[in-house]
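Reading through the structure tokens given below for one structure.
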Amino acid sequence: MRFQGIYPAMLTPFEEDDRVDYDAMGHLIEFLIGKGVHGLFPLGTTGEGMLLSIEERKQVAEFIIRTVNGRIPVVLHVGDISTARVVQLAQHAERIGASGISVICPYFFPLDDDAIFGHYQQISQSVSQSFPLFVYNFPGNARNEIRRPLLARLIADFPNIRALKFSSDDFSEIQRILLETSDDFSVMLGPDQYVFSGLVAGASGSVSGNANIFPEPFVRLYQHYQKGEWEAAKKEQAKIIQISDALMHGKDLSVFKTALAYRGLSGGVVRSPLRNITAEEEKDLFRRLERLELK
């Protein structure tokens with residue numbers, strides 16, 4: 001399958017005692033599906049996936065797959081610093097019926113291209129060659145980067161590597177990747193300022209943290225783009241940039257979680273070492289959201 005459209009990088013609600021709030025998670029899933037998103041991308045950076053234990057990640061994945069029940073695709077992020085743990089999570093994701101998996105480039109330790117290639121090789125070969133795998137490139141957080149020559153090697157050698165999540169502000173690199181990959185390879189963009197321009201350049205969609213709170217302009221932009229209504233799409237892009245500014249570009253995940261209350265949902269707290277926003281910061285956030293007049 002080709003992955004396309006708007007995929008919120010789904011938040012993981014936590015209760016005050018750090019337990020996963022499955023009731024709040026269920027409400028968030030129904031909210032997003034009701035707003036017309038085309039898929040979900042849970043347990044990644046925005047979903048605090050790396051702050052959950054392996055068992056918690058499995059339990060959350062099972063809950064999401066069960067709740068969505070095939071209504072839209074679910075791409076589970078299974079990335080980790082350990083190749084063995086990624087393999088364990090990847091095989092679990094395939095068993096429970098995920099639409100695909102996403103794997104961030106290994107982080108913390110400096111790695112050359114051969115080491116990164118070996119990481120993805122083990123993961124790719126641990127699951128069915130028909131089970132889609134997203135390469136997740138986020139050099140700003142991961143330290144290591146998947147450059148175009150390495151991406152080309154991975155695509156050529158492993159038929160289940162079918163998509164890329166690109167989380168970098170380097171639009172020239174996005175354009176080069178789109179020129180060098182086939183039409184059936186999905187390129188999903190992380191930076192919200194490039195949703196419209198990315199689609200025009202050939203990207204297949206967006207994976208956005210901001211879309212947890214305000215999915216509507218993202219979905220409308222994609223619909224307008226599909227119909228060739230570019231002026232209307234550009235207006236939605238302008239709204240998305242305003243939203244991103246108000247939500248501080250996702251740099252503080254507790255802002256996303258607190259902002260869910262503005263939509264009548266609960267995001268709960270973030271896990272340590274992330275910091276929850278203060279009461280004064282929350283008031284300032286809500287003032288910014290009110291000025292958007294998007295509710």
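For all residues, glycine too, the Cβ spot is worked out from N, Cα and C.
Taking a C-beta cut-off of under 8 angstroms and a sequence separation of 6 or more, V207 (pyruvate binding site) has the following same-chain neighbours: Y7, P8, A9, F41, G44, K165, S167, M188, L189, G190. In this structure, V207 (pyruvate binding site) is part of a beta strand by DSSP. The pyruvate binding site annotation in TrEMBL covers T46, V207.
In the three-state DSSP reading, Y136 (active site, proton donor/acceptor) counts as strand. Counting Cβ atoms from all protein chains shown, Y136 (active site, proton donor/acceptor) has 27 others lying within 10 Å of its own Cβ. The active site, proton donor/acceptor annotation in TrEMBL covers Y136.
Other Cβ atoms within 10 Å of the Cβ of K165 (active site, schiff-base intermediate with substrate) number 28 in total over all chains. Secondary structure at K165 (active site, schiff-base intermediate with substrate), as computed by DSSP, is strand. Under the heading active site, schiff-base intermediate with substrate, TrEMBL lists K165.
Y136 (active site, proton donor/acceptor) is 13 Å away from T46 (pyruvate binding site) when you measure Cα to Cα.
According to its DSSP assignment, T46 (pyruvate binding site) is coil. The Cβ neighbour count for T46 (pyruvate binding site), using a 10 Å radius over every protein chain in view, is 25.
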